[in-house]
Amino acid sequence: MPVGIEFLKGHGTENDFVVLPDADGLLDLTESRVRALCDRRRGLGADGVLRVVRPDFGPWFMDYRNADGSIAEMCGNGVRVFAKYLVEAELMPSGEFTVGTRAGERHVTVHDDGTVTVDMGRVLVTGTGTATVGGSAFGGVAVDVGNPHLACVTEVPVAELDLKLPPGHDPVQFPHGVNVEFVNVLDDGALRMRVHERGVGETRSCGTGTVASVASWLYGTGRRTGKATVDVLGGQVSVVIEEEGSTLTGPAVLLARGELDQAWWDAL
Ligand SMILES: N[C@@H](CCC[C@H](N)C(=O)O)C(=O)O
């Protein structure tokens, strides 16, 4: 009887992931396998895959893939789910530890109430830009949170936007694509965001996108540091931006575990 491939399913503010424990890096995680896993009809369904790898040196590494099979540098919701997995699997003690990502090492704190705080590193405002949705243009701020964002603060209620298609952006400014956020200011320190993610489509949350949104809002008010809550379709997170770093705090949920059929995997 062949042994199947272990998986878990989790989400952070309904940005959902398939977690693939692969300590020794033996899984051949091809683009077509990622696409099939993330497909909501022929697979498990998810916005992305988090492969859990133990490098020879350094902390556990989050190998993040978008639902279309592409590789991204960082995932703020994913890293919270990743940290929760490491604790639940008793690979790390609850509390504080470091996780490796393509954007560098990230310090995480797994709290007793089920939330996780992630040190998201330095947030860089790299310029301004324009996103277009259905013929309307939205001015935004380009923000590097390890991955690229164009965060557009707007007075158009974000609930009214049709984000089925990718928002238009300048391909010269963002040669590797971009995650695009639309942000309403509800109050001082209270934002609402919708996002169209590179490599995925509209998702119910994007952790790095919430950090970019707060940076964009602060930029528009002439500030570089500050904090805000960000309401997303899947819940709420809290963001703090300081000169030398930033943090993201929000829930992380693991809801299922099981085994992928080996023959299904092999056929992909
Ligand atoms: N959902 C993530 C971001 C995932 C990567 C993104 N789609 C990209 O291609 O940069 C988050 O929570 O940050």
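Backbone N, Cα and C atoms are what each Cβ position is placed from, and that goes for glycine too.
Computed from a predicted structure; not experimentally measured.
TrEMBL has this to say about the protein:
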BINDING   Asn15, Asn66, Gly76, Asn77, Asn147, Asn179, Glu197, Arg198, Gly207, Thr208  substrate binding site
ACT_SITE  Cys75  active site, proton donor
ACT_SITE  Cys75  active site
ACT_SITE  Cys206  active site, proton acceptor
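Feature map: annotations from TrEMBL on the structure.
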residue: Asn15; record: substrate binding site; CB count, 10 Å: 30
residue: Cys75; record: active site, proton donor; CB count, 10 Å: 29
residue: Gly76; record: substrate binding site; CB count, 10 Å: 29
residue: Asn147; record: substrate binding site; CB count, 10 Å: 26
residue: Glu197; record: substrate binding site; CB count, 10 Å: 29
residue: Cys206; record: active site, proton acceptor; CB count, 10 Å: 36
residue: Gly207; record: substrate binding site; CB count, 10 Å: 28
Q: Determine, for the substrate site, the additional residues of the same chain whose CB lies within 8 Å of the mean position of the CB atoms of Asn15, Asn66, Gly76, Asn77, Asn147, Asn179, Glu197, Arg198, Gly207, Thr208; present them in sequence order.
A: Gly48, Ala72, Met74, Cys75, Gly78, Val195, Val200, Thr203, Cys206, Gly209
Q.
In whole Å, how far does the CA atom of Glu197 (substrate binding site) lie from that of Cys206 (active site, proton acceptor)?
A. 8
Q) What is the separation, in Å, between the Cα atoms of Cys206 (active site, proton acceptor) and Asn15 (substrate binding site)? A) 7
Q.
DSSP secondary structure for Gly207 (substrate binding site), reduced to helix/strand/coil, please.
A. helix
Q: Looking only at C-alpha atoms, tell me how far Asn15 (substrate binding site) is from the residue listed as 'active site, proton donor', rounded to the nearest Å.
A: 10
Q: Give the three-state DSSP assignment (helix, strand or coil) for Asn15 (substrate binding site).
A: strand
